[in-house]
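Peer 1: Can you keep this structure in mind? I'll have questions shortly.
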Amino acid sequence: MLPVPGYHLFFFLLVCQAVPSRTQRPHIELRLVGPRSQQGEGRLEVLYNGVWGTVCDDDFNMISATVACRELGFEVAVNWAHSAKYGPGEGPIWLDNMRCSGTESSVAECESNGWGVNDCTHNEDSGVVCAGLQRHHLSAQGLVPHIQHQGWKVEEVRIKPILARAKLSSPITEGAVEVKLHGRWRQVCDAGWTRNNTRVICGMLGFPRDGRVATGFYRKLWTQKLKDPSSSLRSLSEKNTFWIHRINCQGTEAHLGKCKLHVGPKIRHQPACPRGMHALISCIPGPAFQSNTARMPDPVQPPKQPQVRLRAGAQVGEGRVEVLLNGQWGTVCDDGWDLTAASVVCRQLGYGTAQEALSGAQLGQGLGPIHLTRVKCRGYERSLAECSYQEAIQSGCRHEADAAVRCNVPQTDARQKIRLAGGRSPEEGVVEILVPRGRTSRWGTVCGEHWGLKEAMVVCRQMGLGFASHALQETWYWQGNSDASEVVLSGVRCKGTELSILQCQHHGPVHCPTGGGRFAAGVTCTSSAPDLIMNAQLVQETAYLEDRPLDMLYCAHEEGCLSASADHMQWPYGHRRLLRFSSQIHNLGRADFLPKTGRHAWIWHQCHRHYHSIEVFTHYDLLTLNGSKVAEGHKASFCLEDTNCPDGLHRRFACANFGEQGVSAGCWDTYRHDIDCQWVDITDVAPGSYIFQVVVNPKHEVAESDFSNNVLRCQCQYDGNRIWLHRCHTGDAYGANIEWDEEAQQRLTSNLV
């Protein structure tokens, strides 16, 4: 039978119509909805055919979130949310079962069921958390990576060390200036060079101050090189492409690209650089980056109390800006916040200029006072206090507008001395470090004994991987490198603020009874983490005494919520005197606070009829003024849930009906004063002055971005019949002279009076 041409043509047309064309993807727009949407966090919504709709969380993952964040103008996705974390949307659900490869430029290019084809409800709406400034905001608020001048792009700046001692130092602080333009490294002619230029370049490279250079000595070296026939310096220095002819900075710029650069054509019969020598600079590193001998404390002068600090940053030199005013730490409102003010903060803290001036609580919200707003700096101030500002108490600012910074920090060799091996991703693995051994260095592991989250936090920060999510004392499933089988570090104890694991306390000679191997230390790092902090004002306002009959305390006694003397009473006759109060624990971090163990390991408490996901979530203690415990701390074993969330965030965790437990980022868990175990048993306490203390996540079982704010303390006065709590504050809320020393406190509270 002969083929019918018309039939084949009809079939061909059907095929063409059935196969969608990737080149004709629909025009869409994306937006994030929620209280933090301007900072790259919220419910993901798509504009299709002129109607805004949502994306279902079925098959949605980090790859899908990354494509969406890039399309929104951010650099990367750091997290995604399911189950309408940012509240249920309205209108159509445009995408379901979305599957992206990661190479797409738009979510419209990802595979899905088709536009509007879904089996979802708005309780399954997806959300994303993006990081990195939006590209269209970069020029206004952050550092522009490539800044053009007369058609030239300033890409990078570096110091080329010349002297042997400079080459061996880390970080490199002295040498010739080199600037990368259009992919080519050039040196800068020193004709007209000023200290303002030096100040700007030192700031870009992470140094707060500039030093002086022995120019005469370097000129002799330059002249000798020119006379050396084996040196190529003479021929190179005569080329126009070797030089940037002139740089003119005012000294307040955050980046060299903001200065005036002259890369002009060579004038005939004149040398490319009139004075024929490269510009030289010397920078002074901040205290944290100086050698041990350079930062020895003065035994006569007491250390100055810091007036500004950074909190909740995943990397060194970044975080929410907090200032000390009237003895109390508070945040800065982002109204008028710019790179100049941010650079003053960075230099004050011992870093260089600011890479980015972040607004809208992009690095987390504070809790407590907002001190300053409308901060204006000229750029030469030594501290933020020298800038002009307004007090924020009457400004109407809220913590959603907390200012933050990312500072330039020096490049050191610390990252080259540590690595992770055997993990499923670059963010996890066995910790391997490079230690000196005679005249050489060798790789080895860290003993896993006593290894904890504070040590893991230092490792993750040293590697530039953010926060620690897990600290492993056993690494059975991770195979380390064969050249690092020996344990080279043991007894590691960190405060959590060190820049290198070798800055932590550790044994001199290695002592590791477990022998390393599968008992070597390991870590898992993450770019975001939760951060718990208790509402001090609520505790102070709700405290009272109650004499509670024993016949109402059977469940509490069973759960260990009473002092030891309750065991010897004639039950059910008598009563216990209880200091009761309400507590509200906020998660101010950028990730959910989740139990350490899975549901299978939760403990059912029959008397109270609910599951406890964390047996030790808070400690409640009454201490003498010297820190000794007079009332046994209640080892609170709560269930975790979202009691309340701010507008725009959706409650996702609830204890009822064996529900999922946790505290969502931005939400809080409230324990009312009238529930069991929300007290300290002070039946045996004599009248007097005391310290009331609450410690959240006391064993550091769950990782957080900041453990320094986990402690709440109040001054307490008890006359035998009434009790007063006053001056309640978190451990890091006041000046350094009364900050909470965790290690010393543990030693004191072990002495029970």
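Every residue, even glycine, has its Cβ placed from backbone N, Cα and C.
Note: TrEMBL annotation is automatic and uncurated.
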Peer 1: In TrEMBL, Cys130 is paired in a disulfide bond with which of Cys69, Cys100, Cys189?
Peer 2: Cys69
Peer 1: Please work out the number of neighbouring Cβ atoms within 10 Å of the Cβ of Cys377 (disulfide bond), leaving out its own Cβ.
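Peer 2: Summing over all protein chains shown, Cys377 (disulfide bond) has 21 other Cβ atoms within 10 Å.
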Peer 1: Using only C-alpha positions, which one of Cys110, Cys249, Cys346, Cys377 is spatially nearest Cys130 (disulfide bond)? These are the disulfide-bonded residues in the record.
Peer 2: Cys110
Peer 1: Using Cβ-Cβ distances, find the residues under 8 Å from Cys333 (disulfide bond) that belong to the same chain and are at least 6 apart in sequence, listing them in sequence order.
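Peer 2: Non-local contacts for Cys333 (disulfide bond): Ile370, Leu372, Thr373, Arg374, Ala392, Ser395, Cys397, Ala401, Asp402, Ala403.
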Peer 1: Using Cα coordinates, what distance in whole Å links Cys387 (disulfide bond) and Cys407 (disulfide bond)?
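Peer 2: It is 18 Å, counting Cα to Cα.
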Peer 1: Since the record lists Cys69, Cys504 as disulfide-bonded residues, which of them has the fewest other Cβ atoms within 10 Å of its Cβ?
Peer 2: Cys504
Peer 1: Which of these disulfide-bonded residues is closest to Cys259 (disulfide bond) if you go by CA atoms: Cys110, Cys120, Cys346?
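Peer 2: With Cα distances computed to Cys259 (disulfide bond), the winner among Cys110, Cys120, Cys346 is Cys346.
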Peer 1: Distance check, please: Cα of Cys120 (disulfide bond) against Cα of Cys346 (disulfide bond), rounded to an integer number of angstrom.
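Peer 2: The separation of the Cα atoms works out to 48 Å.
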Peer 1: Determine, using Cα-Cα distances only, which of these disulfide-bonded residues is closest to Cys56 (disulfide bond): Cys100, Cys249, Cys346, Cys407.
Peer 2: Cys100
Peer 1: Have a look around Cys130 (disulfide bond) and count the other CB atoms within 10 A of its CB, chains all included.
Peer 2: 25
